[in-house]
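Worksheet: the structure to be examined is printed underneath.
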Amino acid sequence: MPKATSDKFSRAHQPAVKKKDAQSSSSMTNPIFNTARFGQHILKNPATAQKIVDAANLKPTDKVMEVGPGTGNLTVKILEKAKHVTAIEMDPRMAAEVIKRVQGTPEQRKLEVVIGDFVKVDMPYFEVCISNTPYQISSPLVFRLLSHRPLFRVAILMFQREFAQRLVARPGTDMWSRLSANVQLYAKVDNIINVARNDFRPPPKVESSVVRLVPIDPPPPVKFEEFDGMNRIIFSRPNKTVRGNFQAKGVMKMLEQNRSTWLSLQEMPVDDDRPINTIVDDVLAELGYTENRAAKMDIDDLLKMLAAFHEAGIHFS
């Protein structure tokens, strides 16, 4: 029998549904499983499912983590190629359906189903991740994967198309964002498949895309909280100048507090009596970034700026 384990049940990602909305959408929900409850849409097109599995280039020795298996349409295809699959599913009824589909087959010993919220459960060891992602956990899923150790080989992930476009966006394009920069610092991301709404049951209101995410190995020696903290400031209004974003309300006060804390932890005296805004302006001027805009800055530009701020004793977390 495939194993089924259960973590603490959570509705942390369950969207609130108004009464009239629930009534109006009742005809769109899965007639067997209340997929809307968990933000899931079951992939029903076998050709699309096969393309997703093929994109992973699975080896017979691979251990795969699948997030959001639904009723198992992807799972059974993964089991044909991989050594072992750990499927993490929030809905106990869907988990039971996945287990039922492999009972009495050679694949049943290769499957373990974990019932719980992916954001909270312990991740298994895996080389490959495949996910028809519940859209409301898209960002937590990506960053949880990128922070996982040891590094996996590849992830094949289904997302809402707009989210996928932001993941793969390049500097200077409309979709380049804090999300783009944060993810591309740690991984190579490519859009590989566009998926039609009618490939799902029920059909979602938005288009979907599948991306391939390959972690950079070894990962760059950059503290994510620092990189993201700086990006949070400069991407708040990406088409405004970097200097203008640093002048936003509360930013200088936060940086002054961070600098004082960092100097204290390093047991270093405050030997620079310049106001914090002057220090920031000087760093940007020395880099030639005063009039730059985050919308057009690439990863190298951002890392160079972060290093210059650290050199001046300015930190972002």
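Including glycine, each Cβ sits where the backbone N, Cα and C put it.
Note that TrEMBL annotation is computational and uncurated.
Fair warning: this is a prediction, and the values are worked out from it, not measured in the lab.
Record features (TrEMBL):
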{"type": "BINDING", "residues": "H41, L43, G68, E89, D117, N132", "note": "S-adenosyl-L-methionine binding site"}
{"type": "COMPBIAS", "residues": "1-10", "note": "compositional bias 'Basic and acidic residues'"}
{"type": "DOMAIN", "residues": "48-217", "note": "domain 'Ribosomal RNA adenine methylase transferase N-terminal'"}
{"type": "REGION", "residues": "1-31", "note": "region 'Disordered'"}
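Across the binding-site residues listed here (E89, D117), the residue whose Cβ sits among the most other Cβ atoms within 10 Å is E89.
Residues H41, L43, G68, E89, D117, N132, recorded as contacting S-adenosyl-L-methionine, have a largest CA-CA distance of 20 Å. Cβ neighbour density within 10 Å is lowest for L43 among the binding-site residues H41, L43, G68, N132.
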